[in-house]
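*Asks:* My questions will all concern the structure given below.
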C-alpha cells in the first residue's frame, strides 16, 4: 500500500491539531497510510507540540504502527497503521497538554480494537483551548454514548497549567459497529447545574464567587429554574498545581446537554470567570441547537463511522466542525450535508448536520 499514502494538508481550514487528530484516528481505523504536511501551519508555533506528539504516539502504539517525523516542532509526519489491539496504553504529554484531546484521538480507535482497552492519559485535565475534563464527563460522555457504546472515565488526579500532572483512566470495550444518532429535538431547559472549583493555594471563597456570579447572570435570562452550581475545593492529594474554573450545564426535557465553561487565571476576577461561563451557556441556549459549540465537532468522526444516517441540530457551524467534516469525507466514504434549519423562529440560527455514515464494522469481533 505504500504507494497509496493519503496526503493531508495540515495547514488548511482550522490549521491546528484537530486535523492531525481526525486524520490519524481515521488512518488507524481504515488501515490507510498517511502523510500529513504543514502541521499546524496556522498556529503561532507551528509543528508538533508535546500534546500532539503524545496523541500520535498513542495511536501508533494502539495499532503497532510506524510513525516517522514524530518529534517536537516537526511539520511533517508519515504514519503507517497496523492492527488495532486492546490492552493498556499510556500517553503522557509531560506538560499541561490536554488529556481530553488525547482521549478524542484514541477513543474512536479503541472502539474497533480486538479486546477491551485501558488508556492512562496524563497531562492537563482543565486546560485552555480544549474541553475541560468536567465537560468530557458531564456532557460529551452521555451524548456520545448514544452511538451505542459506553466508557468509564476515572479522574485519578487533576493537573493544571503550566505543569500538568493530571491523570485520567479511560476503560472501554470494543463494539461491532456504531449506531447513528438523532439529536434534533432540543426540548425545554429543565435544570441547570454545574461545579465551580479551586485547587492548590486558592480559597474556596473564589469558587463561591464564581458560582454566585454565574447564577446571577443566568437569572437575568432564565428566572424560574432551580440552578445548582456546587463550589468545590479539589482535595490536595487529587490535584497538582493551583487553578480555578467553572462549568455550567443545562439539561433539557429531551435529554440534550449544553454547557458553558471558563478557567480562572492570574489577574482575572472570579466574578468574571463565572459570568463568562454563564454567557457561553446562554449563547448556546439561544441558537436553539440540540448540541453546544464544543460538542458539535467532537461528534463528526462518530457520525462518519456509524452505520446509518445521523442528524444533529446545532447552532452556527464552527470552523472546527467544518474541518472535521472535510477530513472525515476525504478519508471515509461518509457523506455530510449541512442545511439551514427551517425554524418557525427566525431569530434562531440553527443548522442540521446530516451524515450518511460509512458503516464501519469491527472485523476483530
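The backbone N, Cα and C atoms fix where each Cβ goes, glycine too.
Bear in mind that the values here come from a model prediction, so they are computed numbers and not experimental data.
Grabbed the feature section from TrEMBL, which reads as follows:
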- 320: active site, tele-AMP-histidine intermediate (ACT_SITE)
- 104: ATP binding site (BINDING)
- 13-338: domain 'RNA 3'-terminal phosphate cyclase' (DOMAIN)
- 184-285: domain 'RNA 3'-terminal phosphate cyclase insert' (DOMAIN)
*Asks:* Can you count the other CB atoms that lie within 10 A of the CB of residue 320 (active site, tele-AMP-histidine intermediate)?
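*Replies:* I count 20 other Cβ atoms within 10 Å of it.
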*Asks:* Quick one: pull the CA-CA distance for residue 320 (active site, tele-AMP-histidine intermediate) versus the residue listed as 'ATP binding site', whole Å only.
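*Replies:* Roughly 13 Å, rounded to the nearest whole number.
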*Asks:* Measuring CB to CB from residue 104 (ATP binding site), give everything in the same chain under 8 Å that is also at least six residues away in sequence.
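*Replies:* Those within reach of residue 104 (ATP binding site), by Cβ under 8 Å and sequence separation of 6 or more, are 21, 298.
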*Asks:* How do the residues of the domain 'RNA 3'-terminal phosphate cyclase insert' (184-285) split into helix, strand and coil according to DSSP?
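*Replies:* Within the domain 'RNA 3'-terminal phosphate cyclase insert' (184-285) the tally stands at 35 helix, 37 strand, 30 coil.
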